[in-house]
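Heads up: the structure comes next, in structure tokens.
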Amino acid sequence: MVFRAVSGKKFVAVKIFKMSTLKFMSIRKYIEGDQRFSKIRIDRNDIVPVWVRKEYTNLMALENAHVPAPKPIGFFKNILVMSYIGTKSGPAPQLKDVEIDEGIYDQVIDGMRRMYANRIVHADLSEYNMLFHRKVYFIDLAQAVDMDHPMAAEFLERDIVNVSNFFQKHGIETDPDKIREYIKKK
């Protein structure tokens, strides 16, 4: 659950993770293969704080890679605080609720390329995990993995197919092979 809160004179997003909403076995695969978290013991009692730390770490990586995403502010146990993407009236809409054009498509593909160039794969990219507020922002990054993860290639392929299918439904001509080639281009 994500809430809007006030810090000083600015809005922030406060994301609270609950064990009841996290499926231990399904998220374990995103942590165990990620070398950045290889020294962390993972059991049912520790999974939520590890998942929060993983999202914070991935947000930091995207900030360093200049990929638009909420700026991480801090975390504690099951709580993550980050910059708020939206206005006084409400949060920025998910991409699924935005009028889509080729410029938005280009921003998404460019963001995927920047992530890949910085050895990051979102691993759950879809129209639900991107916001639009003057530009595209990538969100929900706890499952994002480093390129050394044994399933990184599979996750990247799934992201490419999801993105391609979404934009095709909105009349944008896409080709997963060309997307893959562009993302991996040095």
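Cβ coordinates are placed from backbone N, Cα and C, and glycine is handled just like the others.
Small disclaimer: the values here were computed from a predicted structure and weren't measured.
As recorded in Swiss-Prot, the features of this protein are as follows:
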type	residues	note
BINDING	K15	ATP binding site
ACT_SITE	D124	active site, proton acceptor
BINDING	N129, D140	Mg(2+) binding site
ACT_SITE	D140	active site, 4-aspartylphosphate intermediate
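Neighbour count (other Cβ atoms within 10 Å of the Cβ, all protein chains): 20 for D140 (Mg(2+) binding site). The recorded positions recorded for this entry are D124, N129, D140, and the Cα of D140 lies nearest to that of K15 (ATP binding site). A gap of 8 Å separates the Cα atoms of D140 (Mg(2+) binding site) and the residue listed as 'active site, proton acceptor'.
Annotation for D124 (active site, proton acceptor): spatial neighbours D140, Q143, A144, F155, D159, criterion Cβ-Cβ under 8 Å with sequence separation of six or more. The Cβ of N129 (Mg(2+) binding site) has 21 neighbouring Cβ atoms from other residues within 10 Å, across all protein chains displayed. Under DSSP, the residue listed as 'ATP binding site' is assigned to a strand (E or B) in the three-state scheme.
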